[in-house]
């Protein structure tokens, strides 16, 4: 920033000096004034080297001047560019005969007497007449009229040599009538000539300039002082305006970004920075400072996000994310409700869910989140699978941006529905769940898992807590942190340690660390049991070690009293000890679809035993 300002100031200083010099040159340099007799009558008998006339010049700027001659009409032979029979001394302005004039007798032509001061030039046209041969003395033109004095411009101190005339004496020859005039050796001031005929010989332009009254010294002094000051002041004003405009544009751009991201939620203005979040923070969550830091960096360096977006179509600029509040968290991860600007091909703001890690997360958790992101990138949009909208991976922390499900986890939704059902029983009809809706939840998740298995994805953590529910009560399979892409092989052998969903795991997964689509089918059977019992913890009253032993011994979850045999049979098929004997997800979709089209309530919620099922809190580190 400092470097750019310095370069701007340097450029503006250069232009200020240039404008000042130009103003001085073009505002105060006037062309020189030519004073010369415009009618030359030259005898044809004048010898070469004789003086014809003397031109004079005045330059108000005090610049050195040079004289010259230019021909304006063809010579007596018809040549336009032929040299005239005269020459002029470029320093003194004296015109001499340059060649014999005998051939020019009774001829006339026009010449320009020019004067130049290196900045501007002036010229005056004169007519030359070559007269008949004479026997008398040579013709000598009258001296030029005096030039009125010009006031000198202050601070320039012009020094112009005074006008001179020839004071030499004539030398007459005793044998001829030709008289030669010597070049003057002394320069003296020309005497004033009062003849009106001499004044009439001046050019119209010069005569006009002479008739004008000279400007007063006070006006010239004022102009010479004000014009440079105005030029420099204008340049400085432009420089200041440019700098202010640049800073204003940056400030307005930041303000515009904040205004776009400011939305109203529940009648309250959303906070514009993460430092003012009103939601409760977990004690281990130090992610807020990292978010604020990265957001600031991304705003200062938007080019990094744009470059990454070109490399990965999923990459999304961090500075276009606005945090609302936390949706949920685990030991190492968190999910935040956010607002994204212009994401997924939609213009304007969209509500999204952003998954990230806490500061206490290790390499294993970071690897799991990256693996989840890679799995989601391979998936096409499916109505029953949470869709990836974007990610922020160019620097830490890693953000996984997913579609937002307003009703949250299906597990929490089912558990909360128990209170709604009791309220409806006491106060009449309420917006409680029905048997058909619960069956639909199972059917939708089966369809989502069918799609994942067709893509070669093993979820490894299918449970009601990892299924999200939208406002339209559409179920979406989520949380692919444990998922693995097994397109090249059908089973996965777990090599690493970590918290395991023991109560949802198949026997081969518990004992041999083998995971496959069939082990996901086992987990789906446990998920169905969760839905029927409105989010209860599987194997209630048993510790994790007891669950492992019971499963190994062939013990299965009991049929809930309010569940019809048709639903429980599908669960029981999924819990077959042999993976090969378990149904595929395509078969479970067909079985559940048949139950949906019938009008029978396979889950009798009015018979739901409120005190038979309860939720457990994990004390052994297992996933519940």
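Even glycines carry a Cβ here, placed using N, Cα and C.
Per-residue confidence over the domain 'Cadherin' (41-139) averages out at a pLDDT of 79. Summarising the annotation, TrEMBL assigns domain 'Cadherin' to 41-139.
Marked as region 'Disordered' by TrEMBL: 154-221.
For 195-204, the entry in TrEMBL reads compositional bias 'Low complexity'.
The annotation transmembrane segment is assigned in TrEMBL to 226-247.
Sequence annotations record features per position, and here TrEMBL assigns domain 'Protein kinase' to 321-596.
On its own chain, residue 355 (ATP binding site) has 333, 334, 335, 336, 369, 372, 399, 400, 402 as residues at least 6 apart in sequence with a Cβ closer than 8 Å to its own Cβ. The feature ATP binding site is assigned by TrEMBL to 355.
Shown for the domain 'Cadherin' (41-139): DSSP residue counts in helix, strand and coil, namely 3 helix, 43 strand, 53 coil.
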